Amino acid sequence: MERIDCDVVIVGAGASGLTAATKLRAAGKSVVVLEARDRIGGRLWTDDIDGAMLEIGGQWVSPDQDALIETLEELGLATYERYREGENVYIAENGERRLFEGDIFPVPAKTEGEIVGLIEKLDALVAEIDPDAPWAHPRAKELDEVSFAEWLGTQTDDEEAKLNIGMFIAGAMLTKPAHAFSALQALLMAASAGSFSNLVDADFILDKRVVGGLQQVPLLLAERLGDAVRTGQAVRTIRWTPDAPDAGVVVVTDSVEVHAKHVVLALPPILISRISYEPPLPRRQHQMHQHLSMGFVIKVHAVYETPFWREQGLSGTAFSPYELVHEAYDNTNHDDPRGTLVGFVSDEEADGVFSLSAEERKARILESISHYYGPEALNPVVYYESDWGSEEWTRGAYAASFDMGGLARYGADLRAPVGPIHFSCSDMAGKGYQHVDGAIRVGREVADEILGTS
Ligand code: FDA
């Protein structure tokens with residue numbers, strides 16, 4: 001067993017862990033980053049699939065994400081706008097394909113009024129929520145005891161309005177059915193992006209992409225850290241002394257033992273309990289970590305010889321709460337003559353298609369995509385499904401959220417250090433929650449916590 005001594009050992013070479021490591025090293029601390037996978041980046045992964053560059057994980061940058069934008073600037077990475085010229089597509093319950101511009105779907109006038117009213121109500125509630133402390137809202141407990149689906153039912157009886165508003169948070173963000181998470185969790189999701197209106201506005205939330213792919217952020221951070229980053233090092237055991245936090249920690253993989261003053265667990269909170277602790281973590285952590293779970297979504301990539309939908313005057317942006325693929329976008333790479341569409345199949349729909357053979361699943365998904373863009377969409381030259389549910393070191397997508405009642409009950413303790421053990425991840429962020437921006441924010445904050453400057 002190789003022994004390494006350092007000030008801080010970071011477990012996880014995703015955006016969060018690498019940001020913490022970078023900041024700690026800049027402050028003069030010696031760091032080691034241990035990464036289970038044989039690649040850097042965690043949920044950021046830009047890969048070549050059959051000759052097409054695909055963003056298998058996170059990719060979009062929105063204008064409020066200043067921590068991510070600062071990092072992109074520091075690393076010299078350029079961005080470009082998502083293609084959005086032309087009309088969007090909405091598919092109604094009866095299968096009718098309707099074209100529209102702007103944010104409000106082409107639904108009957110009564111439904112439109114209900115949607116606008118719900119957005120206003122949600123914006124007003126979200127304005128009262130501090131994304132860094134949603135549990136501090138005076139009605140936090142009450143809002144955490146009702147599912148988002150039930151809450152919507154108390155606001156309107158218009159099914160299409162409920163489905164559409166539900167879709168923005170459920171299928172599109174937390175990637176869990178709207179009956180499976182609370183109204184408070186939904187409000188946190190919206191507050192983390194500034195307002196509910198921002199989430200509804202695809203031009204805001206899915207504004208830009210990074211030339212060459214977003215995985216360059218963790219790749220370049222790791223490159224600067226050099227030998228301090230070790231891949232293929234799954235952390236199995238952490239030894240610590242509860243009565244003597246200054247005694248530090250020993251972090252053990254199959255081949256390395258790192259002795260440090262602090263450890264940062266920069267991984268999704270659902271993976272914290274995959275590590276053995278000697279002695280065990282306290283009761284509160286044992287309980288709390290059982291109340292978090294990953295959402296589940298299939299990100300589908302379909303590449304065509306040309307972006308044919310543009311010739312039909314379509315932006316590529318498409319939505320329907322009635323379709324297997326509930327949202328889709330033009331995801332053509334910068335300076336690429338080929339056209340790429342990206343679509344999403346969420347939660348129970350994803351369960352459903354994963355019970356089919358790969359061939360049947362592909363046929364069902366492309367059929368749904370063709371309802372938006374026409375029969376040409378049935379024959380991509382490259383087709384790929386990002387399946388994060390099968391990834392041992394992630395186990396779902398996009399991120400983790402609390403079960404009903406969990407956010408009000410445990411939220412305040414999620415990031416509280418336990419002796420020399422600190423926690424960092426996008427899934428624990430306030431602003432930028434579930435996004436790379438949040439991963440970077442929490443990474444910076446945990447470094448400040450260790451440096452004693454927070
Ligand atoms: P992350 O999960 O990236 O890193 C944790 C690391 O810890 C991993 O590398 C893992 O292997 C490692 N690890 C786990 N257990 C370990 C152990 N025991 N020992 C050692 N290492 C261990 N965001 C966004 O801003 N815009 C977007 O468009 C999208 N879209 C999107 C699509 C898809 C399909 C996904 C899956 C995700 C997104 N996201 C996103 C979310 C975004 O990718 C995510 O929030 C951040 O990349 C998370 O970064 P973290 O560093 O917090 O965790």
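Cβ atoms here come from the backbone N, Cα and C positions, even for glycine.
What TrEMBL annotates here:
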- Ser16, Glu35, Ala36, Val235: FAD binding site (BINDING)
- Phe344: substrate binding site (BINDING)
- 16-451: domain 'Amine oxidase' (DOMAIN)
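TrEMBL feature annotations superimposed on the structure.
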residue : record                 : contacts (Cβ under 8 Å, 6+ apart)
Ser16   : FAD binding site       : Ala266, Ser424, Cys425, Ser426, Ala439, Ile440, Val442, Gly443, Val446
Glu35   : FAD binding site       : Gly12, Ala13, Gly17, Val229, Arg230, Thr231, Gly232, Gln233
Ala36   : FAD binding site       : Gly12, Gly232, Gln233, Ala234, Val235, Glu392, Trp393
Phe344  : substrate binding site : Gly171, Ala172, Val297, Ile298, Lys299, Val300, Val325, His326, Glu327, Ala328
Neighbouring CB atoms within 10 angstroms of the CB of Val235 (FAD binding site), all protein chains considered, total 24
Those binding-site residues among Glu35, Ala36, Phe344 lining ligand 1, judged by a Cβ under 6 Å from any of its atoms, are Glu35, Ala36
Among Ser16, Glu35, Ala36, Val235, which the record lists as binding FAD, the farthest-apart pair of C-alpha atoms sits at a distance in angstrom of 17
Simplified DSSP label at the residue listed as 'substrate binding site' comes out strand
Excluding Ser16, Glu35, Ala36, Val235 themselves, the FAD site's Cβ centre has within 8 Å the residues Ile10, Val11, Gly12, Ala13, Gly14, Gly17, Val33, Leu34, Arg37, Gly42, Gln233, Ala234, Ala266, Leu267, Trp393
Val235 (FAD binding site) -> DSSP, reduced to three states, gives coil
Ala36 (FAD binding site) -> DSSP, reduced to three states, gives coil
